[in-house]
Ligand code: AMP
């Protein structure tokens with residue numbers, strides 16, 4: 001197949017992120033972002049990576065996703081990388097919710113679109129934007145395969161014992177209430193790259209992946225297959241995140257309704273947007289929280305408490321997934337916080353020596369964009385930092401599917 005380029009599109013409710021990759025040599029040709037779609041102050045930022053040229057920014061209203069994608073296509077054309085290029089093999093779309101049905105990347109047809117639409121009630125913020133992105137791309141290049149890569153797919157291997165909530169089965173099934181998990185593309189990529197770092201096959205290793213970004217989730221990966229993950233029906237469950245609470249007693253919601261007289265929407269906003277690190281100390285950025293702690297003074301105490309709660313939850317999940325897996329070969333940190341915040345890695349692993357877990361202070365302090373071990377030499381369980389690359393994973397899966405019908409990652 002001569003066409004080797006894949007355009008990766010990540011369409012959010014008011015933004016579109018994109019990357020153009022050449023799967024022939026693995027190079028990144030262009031990347032960019034359209035933000036604040038639908039507002040007067042939209043902005044497009046485009047980096048022509050192939051030519052090494054300066055990033056270009058343009059401001060001004062971008063009415064909708066269709067206008068955004070057309071603007072992206074125009075920018076790509078300026079670099080000679082237009083969507084009309086015969087070298088474009090496919091467009092890969094990040095789709096947040098694939099329910100139980102989509103266990104692999106899938107070439108989009110009408111039935112697939114209908115199923116993504118049917119899942120809107122369980123992903124009301126994300127799936128509509130993802131659908132718009134796919135439909136717009138289809139209109140621009142109707143002849144090209146559009147591939148949906150689902151955030152939930154990697155977690156569809158979870159056994160029923162991990163995927164089901166202990167609530168009435170009939171009610172759960174009627175409303176499709178179960179634990180789906182998210183960030184699957186990242187967990188898949190990072191667990192495989194960790195095996196590579198250890199010099200072993202993914203089927204030979206058990207890994208606990210800690211994806212700590214603004215959203216955060218943990219997963220237990222046994223021999224390359226996910227057996228548990230911390231996010232559930234929605235991305236609200238699990239770890240403490242930038243603005244999400246993670247686990248709470250569900251009765252908190254009844255209490256806020258009855259005693260706090262809050263509406264469902266208000267509680268939804270509270271738990272998703274005003275909780276987590278932000279709710280605890282007024283900052284959702286770990287850099288800021290660390291700065292406040294390091295500078296000391298009055299501002300430090302709430303930041304320290306937020307940090308401690310964040311670490312406590314993280315430790316609980318490491319312990320839980322250790323028990324789920326029985327034998328662990330590696331604990332791996334990834335995403336914005338996991339890749340950059342050495343104090344988070346140190347604190348999360350501290351005191352777990354009896355589980356064979358330890359962090360080497362010197363290795364942990366190294367700043368690098370490369371996958372690396374941070375555990376002491378000869379440690380029983382490896383502790384690693386592996387930068388995630390969801391765009392590359394989406395491109396790999398998309399290309400593998402259109403090239404030879406193999407939906408497995410390259
Ligand atoms: P992500 O969602 O993976 O892009 O991660 C974004 C988050 O990573 C930000 O909100 C920050 O909290 C965190 N982050 C990024 N860089 C650093 C850093 N150098 N130190 C600590 N946290 C960081």
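We number each residue from 1, going along the chain as drawn.
Quick reminder: no glycine exception, Cβ is built from N, Cα and C everywhere.
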- Query: What range among 1-21, 22-42, 43-63 does TrEMBL record as region 'Disordered'?
  - Reply: 43-63
- Item | Residue numbers, six or more beyond the limits of the compositional bias 'Basic and acidic residues' (54-63), whose CB comes under 8 Å of its CB atoms | 34, 36-48, 71, 75
- Task: Measuring CA to CA, name the entry from the binding-site residues 17, 214, 285, 337 that ends up nearest residue 244 (site 'Transition state stabilizer').
- Result: 214
- 10 Å Cβ neighbour count around residue 10 (Mg(2+) binding site)? 22
- Query: Cβ under 6 Å from ligand 1: which of the recorded positions 17, 244, 337 qualify?
  - Reply: 337
